[in-house]
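Sequence annotations record features per position, and here Swiss-Prot assigns 3',3'-cUAMP binding site to Tyr12, Phe74, Tyr108, Glu142, Trp148. The 3',3'-cGAMP binding site annotation in Swiss-Prot covers Tyr12, Phe74, Tyr108, Glu142, Trp148. Here Swiss-Prot flags His44, Thr46, His114, Thr116 as active site, drawing on experimental evidence.
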Amino acid sequence: MKKLSEFGKGLYVAAKFSESTLDALEELQRSLKLPNPVPRDKLHTTIVYSRVNVPYKVASGSFEIADKGKLTVFETQSGNRALVLEMDSDYLSARHSYAKALGASYDYPDYRPHITLSYNIGVLNFSGEYKVPVVLDREYSEELDLEWSDKD
């Protein structure tokens, strides 16, 4: 049972992927010749980024949560241009909605499931849709780190 003081620390939940998905993502990074590719062990999708800690139960299991994605450029908090693979995933959207129903906060107007491929692509531009079978390996949760930076 959590102590009341632990609920003020915030919550971060992310999805990690199967080895075959990680292989496909690394191949995509290589084929695009991405500068500053996110390392294999850091590839993930954020599900919850909440300044409020809620009693979220992480899920496990291995199943496909998306079969393709489109390349999108996001501006990061540090002002860099990140390249992400944005996905339509009913599963990830439902898990995010579950957290919101529990009272989780979210700093952005919409939840857009994605996997960051590079946190800094500079002035380069990328576009297109790519077939990448995204298979969930597990979810994990930890205390929200408001000091995290994509510069790390």
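Placed from the backbone N, Cα and C atoms, the Cβ positions cover glycine too.
Features as recorded by Swiss-Prot, highlighted on the structure.
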| residue | record | CB count, 10 Å |
| --- | --- | --- |
| Tyr12 | 3',3'-cUAMP binding site | 19 |
| His44 | active site | 15 |
| Thr46 | active site | 17 |
| Phe74 | 3',3'-cUAMP binding site | 14 |
| Tyr108 | 3',3'-cUAMP binding site | 7 |
| His114 | active site | 21 |
| Thr116 | active site | 19 |
| Glu142 | 3',3'-cUAMP binding site | 11 |
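Of the candidate binding-site residues, Tyr12, Phe74, Tyr108, the one lying closest to His44 (active site) when CA atoms are compared is Tyr12. His114 (active site) sits 19 Å from Glu142 (3',3'-cUAMP binding site), counting Cα to Cα.
If you take the Cα of Glu142 (3',3'-cUAMP binding site) and the Cα of Thr46 (active site), they are about 12 angstrom apart, rounded to a whole number.
Rounded to a whole number, the distance between the Cα atoms of Thr116 (active site) and Tyr108 (3',3'-cUAMP binding site) is 16 Å. Ranked by Cα separation from Thr46 (active site), the recorded positions Tyr12, Phe74, Thr116 are led by Tyr12.
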